[in-house]
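> The following feature annotations were taken from TrEMBL:
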- HIS229: active site, proton acceptor (ACT_SITE)
- 43-45, SER72, GLN102, THR130, LYS205, SER227, 261-265, 284-285: FMN binding site (BINDING)
- TYR104, ARG139, HIS229, ARG232: glyoxylate binding site (BINDING)
- 1-335: domain 'FMN hydroxy acid dehydrogenase' (DOMAIN)
Amino acid sequence: MRANALYYSQIYICPRVLVDVTTVDLSSQLLNRPLSVPILIAPMAAQKMVHPDGEIGITKVAKEFGAVMCLSTISSTQLEDVAKAMAAHEPGKKASGGLWFQLYVLKRRDITERLVRRAEAAGYNALCLTVDAPVSGKREVNARNRFIYPPGVVPENFKELFEEETAKTSVTDMNAFLATLFDSSVNWKDLAWLKSITSLPIILKGICSPQDAKLAVQCGVSAIILSNHGGRQLDTAPPTIALLPQIAEETKASGIPIIIDGGIRRGTDIFKAIALGASAVMIGRPLLWGLAVEGEGGARHVMNILVQELKNAMQLSGITSIHQLSVSGKETLLSSHPKLSNL
């Protein structure tokens, strides 16, 4: 986790001068939908653990800024309620961003399919399949703290299924129930199965290897998310920003969008990621910290900081659009890290 952020700090932005930067365009396109800002909100489980506003509060912030909200399967708000919050009409505002549903291919494919059908019916724009969790990572902090869901906070998308199971089996604990669902045998053939049951675009989250990025392209996914799960799965996995230039080069011919997460803490980090080949970034912890401090308002404040810092970095670098940043932003970057020294 520390390495993710450290790599960003070792990349420098070289300012450019005497450029008219009065107007800066932060908009772009992702999967044929407009984005007002190049930001997606990462799927984070049970957001009501940190504040009662939870997923609804974060969704309202995403909608306000024209970002994509990606809802976790293990959310503390039902996926239908989040969709309603995103779809709520606001006069005079143009729709942008979008709503994605993150899911796993579970042992019980019928449960996976039920979740897909619910997401389709609720109006989600895409499915974000997490592929880097065939088993849970060794999460020592959770073990040390004896983590359990607090009273009143449950994975709402599984609540009905959990009640069905408790009525016919001896399973009585939600954590134990969820643990029984994950499938360590999931492979590329299961991606083909998922594609066969839905027409929604499928994005793979958890790609780190260039070889896997190539396979994802061959399998016809709509985008990939370069992610090491925030450092919570495989300890000592490489920082995602260190992998981005190579993966961007490997997949360039396909035109497939690359989204990156991990260690993004400032607007300058967003600048660097897009300059190195990402179409957009995915942000998790900073928004959760804001939510914890002040609910929806805190998350909004964090998002505003990130957006304004990105705009400021672009102006001071003589770049006036996300398109220009993606095409020629790499020329503004210098790195002190050996792996990125050839930028």
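Any Cβ shown, glycine's included, is placed from N, Cα and C.
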> Under DSSP, is GLN102 (FMN binding site) part of a helix or a strand, or is it coil?
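Strand, per DSSP.
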> Please give the average pLDDT for the domain 'FMN hydroxy acid dehydrogenase' (1-335) in this predicted model.
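Mean pLDDT across the domain 'FMN hydroxy acid dehydrogenase' (1-335) comes out at 89.
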> Taking every protein chain in this structure into account, which of the binding-site residues ALA45, ASP261, GLY263, ARG265 has the most other Cβ atoms within 10 Å of its Cβ?
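Result for the most crowded candidate: ASP261.
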> Give me the count of other Cβ atoms within 10 A of the Cβ belonging to LYS205 (FMN binding site).
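A 10 Å sphere around the Cβ of LYS205 (FMN binding site) contains 25 other Cβ atoms.
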> What count of other C-beta atoms do you get within 10 angstroms of the C-beta of ARG285 (FMN binding site), across all chains shown?
17
> Note down the number of other Cβ atoms within 10 Å of the Cβ of GLN102 (FMN binding site), including every protein chain shown.
24
> Just jot down the residues in the same chain as TYR104 (glyoxylate binding site), at least 6 apart in sequence, with C-beta under 8 A of its C-beta; none if empty.
THR73, THR112, LEU129, THR130, ALA133, LEU181, PHE182, ASP183, VAL186
> Kindly assign PRO43 (FMN binding site) to one of the three DSSP-derived states: helix, strand or coil.
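DSSP assigns PRO43 (FMN binding site) to coil.
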> Which of the three DSSP states, helix, strand or coil, fits GLY263 (FMN binding site)?
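In the DSSP reduction, GLY263 (FMN binding site) maps to coil.
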